[in-house]
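Asker: One structure follows; several queries about it will come next.
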Amino acid sequence: MRRCTKNSRSTNPPRDPNTLSNYNAFRTTHTTVNFDILFEKQKLTGNVMHKLISLTNLEAREVILDSSFLNIHDVKVDGKQSKFELLPRQEPYGSALKIPLAEGVALSKTLDIDITVETTEKCTALQWLTPAQTSTQKHPYMFTQCQAIHARSIFPCQDTPDVKAVIDFNISSPLPVIASGVPVNDVSSSSSKSKNKVYKFHQKVPIPTYLFAMASGEIAEAPIGPRSRVAASPDKLEECKWELEADTEKFMQAIDKIIFPYIWGEYNVLILPPSFPYGGMENPIFTFATPSVISKDRQNVDVIAHELAHSWSGNLVTNASWEHFWLNEGWTTYLERRILAAVHGEPYRHFSAIIGWKALTESVERYGKDHEFTKLVVDLKGKDPDDAFSSVPYEKGFNFLFYLENLIGKDKFDKFIPHYFTKYKEASLDSYEFKSSILSFFSSDSEAHALLTSFDWDKWFYSPGLPPKPDFDTSLVDIVYALAQKWRTASESGFSPSAVDVNGLVANQLVVFLEQVLVFEKPLSAEQSKLMGDKYGLAKSENAEVLNMYFQVGLKAGDKSVIEPTAAFLSSIGRMKYVRPLYRALDKLDRNIAIEVFEKNKSFYHPICRGLVQKDLFGNKGS
């Protein structure tokens, strides 16, 4: 929330260009959702109730909410039937729901709006899985993914991170339900005839709509720490428990010390079916995580450190709009690496940052070094925030904070961290407020203040392309850089690879090695690529990070023996981190096969993933 007087809201335009709501006139403070999950019809039906506070004095004569592809049946204002109008659709933001008011509302007075609604088959936030798409193949499954602007396709709302509300969930389903609130233990049957139960949750900490989350299906739970549980398909529960129980509480204790203790009560992880498009989604109480975390070697759990860190950066202190997404993701990546340093040692933080720098360079190369989306603060007016999704806000944001840490010194920066998260707790802010808060905090420290005022903030915020590269500790990557060099010069040196080359390397070191190979000016030959896979056992790995990179190397080398396993991998996982680059690589090697594999699997992918892969393969024309 902007630090300003309430009266000024009526004259200030909203900070978020990706909402159609008039949230500068009214602000949601409490939302209650009552939904029936109808698996056979693949829709949600019910009502949503918003309590809104007036930010003007009798000025606004309408409430405008975001909505997208919804069937709206009825609207009540303060208990009385109201007219409403769905305005013409404005891509990519949906159809604004306009609710006229009989009279203006006095400053700080509240308004209750009750909307009867159902989702449609065009909903972009819901994914419905048939029993065949789940691991036990017994029951259907449903989950939500609302970030960035998809909550509006579940219910009308002020779909902006600049607004936060307390949420109550009352969800009727024939299968267990998980939501981004704390369970209220009075599960009741919907009716005497119904097999459904009503699952109730309460989220007492105000959250933005993109953190609204639900999942329902065949879900079982097990403890993974004193304040944590894992939820997963029953047949996967034990392996998920084993994967996460060694590190989750260690991560929590580490970040508790860096900022301040975790305030949400429980920290739990839901391992979703494989079509989930992200590594993780930081939904409060329950992180929604990709099954690629489960690598049977505990080496992909960095995702959990990242999503846990979101409990402070993003969920508690939030970017005011997606133009300032680095405030969520740059901070979270920075905190994730501080957790890893506390648990594994400082060199591991630098090792993770080196991997991140590689991802950043790839994003900048793909967009072009002058592209708007390679800036830290981006212009998203009229644009879809999903189109700007890349490693840039994560890694350029991390490097900015790492730069500030090195500029003023780690000890001083460490004192700012808890101050920042305390000052903006339960609020939303933009980059300019971040700048003013750090300058203000160090105003009495002449040395730090001089350093912070003398460097070029605008260059960091608005310059496209790569930032200055930090001086990373390369101790954990030197060994794999050396191995990559042997492969680079193999044809001249007669290098003969063997399994001993990779003995003792962790999965992330293999990933860095393969990343180095992938950027050779002269790619490996198909024969070399196949030899590497055979000698190092790469094709047999159960670690998705390793498989993803090995398949990219093989496709670039023209090694046709990796086409079939790549296609199988693409039919088994929907995480965009893997799916998008593999389709791009497959497209370069054999466009017909790439299109054939996509057409076969597109209904398996989440709508967000499906839409972005379509753009990668076909441009904006779709398939």
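The backbone N, Cα and C atoms fix where each Cβ goes, and this holds for glycine too.
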Asker: For the Zn(2+) site that Swiss-Prot lists with His306, His310, give the additional residue from the candidates Glu323, Glu329.
Answerer: Glu329
Asker: Using a 10 Å cut-off on CB atoms, tell me which of the binding-site residues Gln145, Gln147 is the least crowded.
Answerer: Gln145
Asker: Sort the binding-site residues Gln145, Gln147, Glu282 by C-alpha distance from His310 (Zn(2+) binding site) and give me just the closest.
Answerer: Glu282
Asker: Determine the Cβ neighbour count for His306 (Zn(2+) binding site): the number of other Cβ atoms within 10 Å of its Cβ.
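Answerer: Neighbour count, Cβ to Cβ under the 10 Å cut-off: 24.
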Asker: Please report the DSSP secondary structure of Gly280 (peptide binding site), reduced to three states.
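Answerer: For Gly280 (peptide binding site) - judged by DSSP and reduced to three states - the answer is strand.
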Asker: To the nearest whole angstrom, what is the C-alpha distance linking Glu329 (Zn(2+) binding site) and Glu307 (active site, proton acceptor)?
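Answerer: One finds 10 Å between the Cα atoms of these residues.
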Asker: With Cβ-Cβ distance below 8 Å and at least 6 positions apart along the chain, what are the contacts of Glu282 (peptide binding site)? List them in sequence order.
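Answerer: Non-local contacts for Glu282 (peptide binding site): Leu211, Glu307, His310, Ser311, Gly314, Asn315, Thr332.
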